[in-house]
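Chemist: First the structure, then my questions, so here it is.
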């Protein structure tokens with residue numbers, strides 16, 4: 001059964017490390033599968049739109065996203081195409097909180113649309129075209145994998 005994981009908070013240095021690619025053989029590893037499922041449960045319990053492995057102390061290229069009552073687990077995701085057009089909107093992060101422990105929000109400019117290539121838990125290659133909140137969440141979570149926080153991109 002999946003368990004809740006502790007969310008690493010800024011300014012912990014682990015959030016600033018570029019994450020390592022995952023060997024796809026890991027998709028057969030039970031502890032790796034459990035990590036992905038635990039991340040999924042943690043994201044849902046904390047009411048997050050997404051969660052990246054560095055946020056739970058693992059510097060590997062793994063993210064989970066919540067999208068239309070369906071969760072997406074992405075291994076080694078990368079953006080293969082992005083729109084020229086951008087939009088500014090509020091973002092928050094489970095790892096960036098104020099002194100009271102409340103999520104901190106800032107305006108961030110992101111590409112309106114992105115195409116993302118990733119591998120799923122079965123090791124199968126997938127491609128998704130995203131816009132709106134899903135596009136923003138993909139960009140936000142991939143930033144985590146590169147040691148970048150949304151506050152680094154904030155417009156205010």
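The count begins at 1 with the first shown residue.
Placed from the backbone N, Cα and C atoms, the Cβ positions cover glycine too.
Feature table excerpt (TrEMBL):
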- 141: active site (ACT_SITE)
- 93, 140, 144: Fe cation binding site (BINDING)
Chemist: When you measure from the Cβ of the residue listed as 'active site', how many other Cβ atoms are you left with inside 10 Å?
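Modeler: Around the residue listed as 'active site', other Cβ atoms within 10 Å: 25.
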Chemist: Between the Cα atoms of residue 93 (Fe cation binding site) and the residue listed as 'active site', what distance do you get, rounded to the nearest Å?
Modeler: 10
Chemist: Taking the Cβ of residue 93 (Fe cation binding site) as the centre, how many other Cβ atoms fall within a 10 Å radius?
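Modeler: Around the Cβ of residue 93 (Fe cation binding site), 27 other Cβ atoms lie within 10 Å.
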Chemist: Including all protein chains displayed, how many Cβ atoms other than that of residue 144 (Fe cation binding site) lie within 10 Å of its Cβ?
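Modeler: Result for residue 144 (Fe cation binding site): 22 neighbouring Cβ atoms inside 10 Å.
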Chemist: If you draw a 10 Å sphere on the Cβ of residue 140 (Fe cation binding site), how many other Cβ atoms land inside?
Modeler: 23
Chemist: Name them in sequence order: residues not among 93, 140, 144 whose Cβ is within 8 Å of the mean position of the Cβ atoms defining the Fe cation site.
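Modeler: Near the Fe cation site, the remaining chain residues are 50, 52, 55, 91, 95, 96, 141, 143, 149, 150.
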